[in-house]
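**Q** Pulled the feature table from Swiss-Prot, pasting it below:
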{"type": "BINDING", "residues": "TYR5, ASN45, ASP72, GLY113, LEU114, HIS115, GLY116, VAL117, GLY118, ALA119, LYS340", "note": "ATP binding site"}
{"type": "BINDING", "residues": "GLU428, ASP502", "note": "Mg(2+) 1 binding site"}
{"type": "BINDING", "residues": "ASP502, ASP504", "note": "Mg(2+) 2 binding site"}
{"type": "DOMAIN", "residues": "422-537", "note": "domain 'Toprim'"}
{"type": "SITE", "residues": "LYS453", "note": "site 'Interaction with DNA'"}
{"type": "SITE", "residues": "ASN456", "note": "site 'Interaction with DNA'"}
{"type": "SITE", "residues": "HIS509", "note": "site 'Interaction with DNA'"}
{"type": "SITE", "residues": "ARG621", "note": "site 'Interaction with DNA'"}
Amino acid sequence: MKNNYSEANIKILKGLDAVKKRPGMYIGSTDSRGFHHLLWEILDNCVDEVLSGFANTIAVVLHAENQITVSDNGRGIPFETHSDSKISTIDTVFTYLHAGGKFDNDSYKIAGGLHGVGASVVNALSDQLQVTVKRQGKVYRSVYENGGKIKQKAHCIGNAKIDEHGTSVTFRPDPKVFKKIHFDSELIRARLKELAFLFKKLQLTFVDETGSGEKEVFFTEAGISQYLDELNADSKQIAQKIFVSGTEDDIELEAVFQFIDGEDEKLLSFANSIRTSEGGSHEASFRQSVGDVINNYCRKYNFLKERDKNFEASEIREGLNGIIKVNLPEKIIAFEGQTKSKLFSKEVKAVVQKLTQKHFFQFLERNSVDAKLIVEKLFYNRKLRQELKQQRQIKKNLSNPKAERILFGKLAPAQSKKVAERELFVVEGDSAGGTAKMGRDRFLQAILPLRGKVLNVEKINNKKEAINNEELLTLIFCIGTGIGNNFTIRDRKYDKIIIMTDADNDGAHIQILLLTFFYRYMKPLIEKGHIYLALPPLYKFEGRDKKARYLWTEQELEQYRAKHSHFNVQRYKGLGEMNADQLWETTMNPMTRKLIQVKLDNFIQAEKQINVFMGDKTELRKSWIEANINFSSEN
C-alpha cells in the first residue's frame, strides 16, 4: 500500500458513476436478486401511480435476450425542460440520482419507489433502456445505453389520443454488472399476483414472450382477505378471520389475520406496497398489540387466573397467520437501506397499536365462540412448550453428554475454529458418508452421514415428534442453532450446510425431506443463504485419450458423444460408486464443484410446494419429482 496519500487519491463520482461503482449499495447484490430488483424498482414506480389514484392498469412483457417492458396508464413523466437540469424532465429523472416527484410533497402523497433514485439506478445498471411517455396528446421517447448515457434525448415521436397517458420502460440489465442474467417468469408472476391482492380491482397483465406468449391477467375483488385465504388454503382454521382497518394521521392500515392449527407464524407485511421481508415498526407494533389484547381479554374474563403468567409473545405467535398493509405519506416513510426490506417509520407504531387493539378486542367481545377457541389453542401451546423443556438444551454446545452420545461415531468434525470457514455435508447413507470422510478437506469440511429414515415433519403434530427422531435430533445437535422459537442463527456451527444425495428419486426424496425440515424449523438458515444442494456428476466420460471427464447433464453427454467416435460412459447410480478422489474432485472441492443455493423468494409458493412435496397425497409428490428433476437415464 502506498503511503503518499493526497488530494489525488480522492475520487468524485459524477452522475450515475456511484451506482456503477457500488451497485450493491443501491440494489443489495449483483446476483439474480439484483437484476430482479431492477424490475421491482420500475414496477414500484407504476404502483406509486396506483397508490396516488392515477393508474389502474400495469403491464409487464418479458422479451427475448433479457429485455423487459413495464407500462402503466398513470399520468406519464413530464417531458418539459426541467428548471434546474436544463434538460427534459424525462432525461432528468433517468440520469440524475435523487431526481423525482417524490421529493415534492404535492406530487406523491404516498409512494414506495426508491426515494427518487429508482429510475436512475435501473438506467445506470442497464446496457439498454428506453422510456416512452404518453401525455397531453403527445408521445415522447428517450433512449439510453451503456449505463445511462443518452443515446437519444427526449423527443416527440408522434401524437396520442388526448385521453391516453402513461409511462412505458424497456430495459436490459448490463451483463458487465450481472452474471448469468435470466428473468424468472414464476417470480414475476408471483409479484404481480401479490400486487393484485394488495390493490383490489387493479388489473395487472403479464406476457412471457420467451414462453407461451399468452397474456395472463391478475385481478382480485377481495384484496388481502383473498390473499390470506390462499395463504391458509391447506391449513385447519381455529377461528374466523379478523379484520383491522382505518386511517389516523394520514397513515392507512389494513390488516387481516387468523389463528390456525399449526406452530409457525406466517406474517406478511407491506409498506406502500413494498414487501417488508424483515418486518419493522408496523409488524412489531401489530404483534405487540395482538398479544396485549389477548392477555387483557383473558384477564377480564378470568381465563388467566391471578397466579397465571401472561401469555408470552412466542406462545401467541404459534399458528398466527396474517397480512399487514400500511400506507404512509412519503414525507415520513423510512426504510432500512435502499432495498426497503425493513420499515423504520416510528409514526406508524401508535396508529397500528390503536387500530389493532380496537378492532381485535371488539372481535373477541362479539364472537365468544371464536374467542374461546383461540384461548384454548394458546393454553395448548403453553402446555406443549412445558413438555418441550428438553428442547431448550439443544441450543447448548456439543459438550453436553447427550449430544456427545448422539454424535459419537456419526459426525466427522471440521478442525477449523472459524464458523465462516466450516462446511457441513449431510450425506445420504454410510457408504457415501465413508467415502466423503476420506475425500474431504478435514480442516474445513465436516461429514454427517444419515443412517436411518428422515422424518417427514409435515405429517407430525408438534416439535416433540421432531426431536424424538434420531436422524433429525442428530442434525439439530450438529448445527447448534436450536429449532422453532428457540432458534438462534448466531449459534450455528457452520456457514454452509450442504445436502449431498444420490442423483435418483430416492435422493430427491431425501433432499425434500431435509428441506422441509429446514423450512419448518430452521427457516432463517434458508433465508440467510446457508443451505445448499450438492450436484454430483451423472456421468464419467472417457474418450480415446483415456482422460476422465465428468458430465452433469444429458445435454453435455450428447455433445461429447458427437465429438468422439470411441468412448466409454459410466452412469453414476450413487455417490458410493465414486472413490474418495473422484468425490472430492467433482462434488466437494470448492474450486471445481457445483452447488445450488436454496433460496426463499416467494412465501406462498414455498408453502404450496411444501404441501405438494410432503403432504398426504403421495401421487402429487411422485409426479412433481418425475416432472421437475432430471436424473437422466442410462443408454
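All residue numbers here begin at 1 and follow the chain in the order shown.
Cβ coordinates come from backbone N, Cα and C, glycine included.
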**Q** Please identify, from the binding-site residues ASP72, GLU428, ASP502, ASP504, the residue with the sparsest Cβ neighbourhood, meaning fewest other Cβ atoms within 10 angstroms.
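**A** Looking at the binding-site residues ASP72, GLU428, ASP502, ASP504, the Cβ with the fewest others within 10 Å is that of ASP504.
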**Q** Rounded to a whole angstrom, what is the C-alpha distance between ASP504 (Mg(2+) 2 binding site) and GLU428 (Mg(2+) 1 binding site)?
**A** 12
**Q** If I take every residue in the domain 'Toprim' (422-537) and average their pLDDT values, what number comes out?
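**A** Looking only at the domain 'Toprim' (422-537), pLDDT averages out to 86.
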**Q** Given the recorded positions LYS340, LYS453, HIS509, which one's Cβ is surrounded by the fewest other Cβ atoms within 10 Å?
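**A** LYS453, out of the recorded positions LYS340, LYS453, HIS509, has the fewest neighbouring Cβ atoms within 10 Å.
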**Q** Within the domain 'Toprim' (422-537), how many residues are helix, strand or coil going by DSSP?
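**A** Summed by class, the stretch gives 56 helix, 21 strand, 39 coil.
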**Q** Return only the integer: C-alpha distance in Å from GLU428 (Mg(2+) 1 binding site) to ASN456 (site 'Interaction with DNA').
**A** 16
**Q** Quick check on the recorded positions: of GLY118, ASN456, whose CB has the lowest count of neighbouring CB atoms inside 10 Å?
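**A** ASN456, out of the recorded positions GLY118, ASN456, has the fewest neighbouring Cβ atoms within 10 Å.
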**Q** I'm trying to understand the geometry here, so how far is the Cα atom of LYS453 (site 'Interaction with DNA') from the Cα atom of HIS509 (site 'Interaction with DNA'), in Å to the nearest whole number?
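**A** Spelling it out, the Cα of LYS453 (site 'Interaction with DNA') and the Cα of HIS509 (site 'Interaction with DNA') are 11 Å apart.
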**Q** Whole-number Å distance between the CA of ASN456 (site 'Interaction with DNA') and the CA of ASP72 (ATP binding site)?
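**A** That separation, Cα to Cα, works out to 45 Å.
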**Q** According to DSSP, which kind of secondary structure is LYS340 (ATP binding site) found in, if we only use helix, strand and coil?
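**A** Assignment for LYS340 (ATP binding site) reads coil.
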**Q** In Å, rounded, how far does the Cα of ASP502 (Mg(2+) 1 binding site) sit from the Cα of GLY118 (ATP binding site)?
**A** 44
**Q** What's the CA to CA span in angstrom from LYS340 (ATP binding site) over to HIS509 (site 'Interaction with DNA')?
**A** 36
**Q** Roughly how many Å lie between the Cα atoms of GLY118 (ATP binding site) and HIS509 (site 'Interaction with DNA'), rounded to a whole value?
**A** 42
**Q** Tell me the coarse DSSP state (helix, strand, coil) of ASP72 (ATP binding site).
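**A** For ASP72 (ATP binding site) - judged by DSSP and reduced to three states - the answer is strand.
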**Q** Round to the nearest Å and give the CA-to-CA distance linking HIS509 (site 'Interaction with DNA') with ASP72 (ATP binding site).
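**A** About 44 Å separates the two Cα atoms.
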